[in-house]
Structures are given as C-alpha cells and as structure tokens.
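The structure appears right after this line, and notes come after that.
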Amino acid sequence: MEPHRWLPLEANPDVTNQFLKQLGIHPDWQFVDVYGMEPELLSMVPRPVCAVLLLFPVTEKYETFRTEEEERIKAKGQDVKSSVYFMKQTINNACGTIGLIHAIANNRDKMNFETNSSLKKFLEDSLSMTPEERAKYLETYEAIRVTHESSAHEGQTEAPSIDEKVDLHFIALVNVGGHLYELDGRKPFPINHGETSDDSFLEDAIEVCKKFMERDPEELRFNAIALSAA
C-alpha cells in the first residue's frame, strides 16, 4: 500500500500560529522565531516557553547517530513518564503537524481550546491510544489533514510537489514533569534528555538543539521556533 503523503510545513511562526488558530486554539500561546542560540538572542524570546520545535536536515551522519542512540537506549533503558503524549509518524512529510501535536498535547493544561476545536477532539479521542494507534488515527482524521494542507501552501517559499523527497525533519522538545523530552515520530520512543524546569526550559532545549548542529557541522539548515506565552 502506498504510504500517505502530505506537503511539508515551513518552520515559520506565521504558518504555525495560523495552523493552531484553525485547529481551534486560543492565541494565548504563539510560536516565535529563535534568532540564535547565544544568551542575548535567547533573551529576546518571550517567556515562559512551553515547547520548542526544531527543523533539521536528515543526513547520513544523523541517521547513523539515530541508529546508535536507539540501540544504546534499548540496552540501557531510560525513564519516560507515562504522562508523556507521544505518537509515531506514518505519513510522509507530516512531521511539522506531528511536532505541533506533540507541543500542544504535552501542554494541554496550559492551552485554551475553542469548544469545537478539532485538535482538542483528536487529543481527547487519542489519549488512551498507543503511539502507533495515534498515527493511524491521524491518517484518517480529515480536519487536521485539511488544515495541514492549507498551512503548507501559506509559507514564504513555494510548496514543493507532494512527491518531492524532503530531507528536513521537525521534532518537538517539551517539559513533562520536570524532564526534557525529545519527541520524534520517526523514533520508537521519546528521548529523555534529563531534568529541566519552567525557568530553564528554553536554555535546556537549545542545548539539545546545539547537539544536533554539532553532529553535522557542515550543515546550515537548522531552524528553531518556540511556543511562548503571548
């Protein structure tokens, strides 16, 4: 069976904020650009921050690292709180939408949803599902697919054709219960990056982003956006 394919989203706060609005989320929280990883640039990001989305290139170096990381965690184990909402990615190019779902789902106590919010319904329906079942549910969930489609056409660059191979990928970084988790639907499980707090979350998340950049020093295609209190 041919896998589902969506158009890729841009790491552009205007696009992601419009997307959240269309999914029925009040604009109390808004995505903003992270202009750089130095302290003075991070100080420009409005606080508090409850999630960071990182867009990065999937290169051979990264894929090698990903395989090694998975084997290491399977051998050693890690603590992942049961309250972490995680879903797998089965739709090509849906990583931007899955990153947004991860960002909102793990901060749903902070979000104000409109009464008829399609994302709220998706989260309520899928809370008791496994990560694989959530992925399957998204494949059939028209309201989010249609919103994704219109958002993919809204970016500053022309949307690529749906069959074009895209080697950029989104992940979400969130704080659940005082631990920083990396949520990537291409991985088998969340990655626990250690302790964090509401106050230090942005800096801690950026440290994780820096590791991605250090693994691929020749690459320039990294982009981070933060979900900040508006």
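Cβ atoms are placed via backbone N, Cα and C, with glycine included.
Straight from TrEMBL, the features:
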type	residues	note
ACT_SITE	Cys95	active site, nucleophile
ACT_SITE	His169	active site, proton donor
DOMAIN	5-229	domain 'UCH catalytic'
SITE	Gln89	site 'Transition state stabilizer'
SITE	Asp184	site 'Important for enzyme activity'
Average pLDDT across the domain 'UCH catalytic' (5-229), rounded to a whole number: 91
Local Cβ density at Cys95 (active site, nucleophile) - other Cβ atoms counted within 10 Å: 26
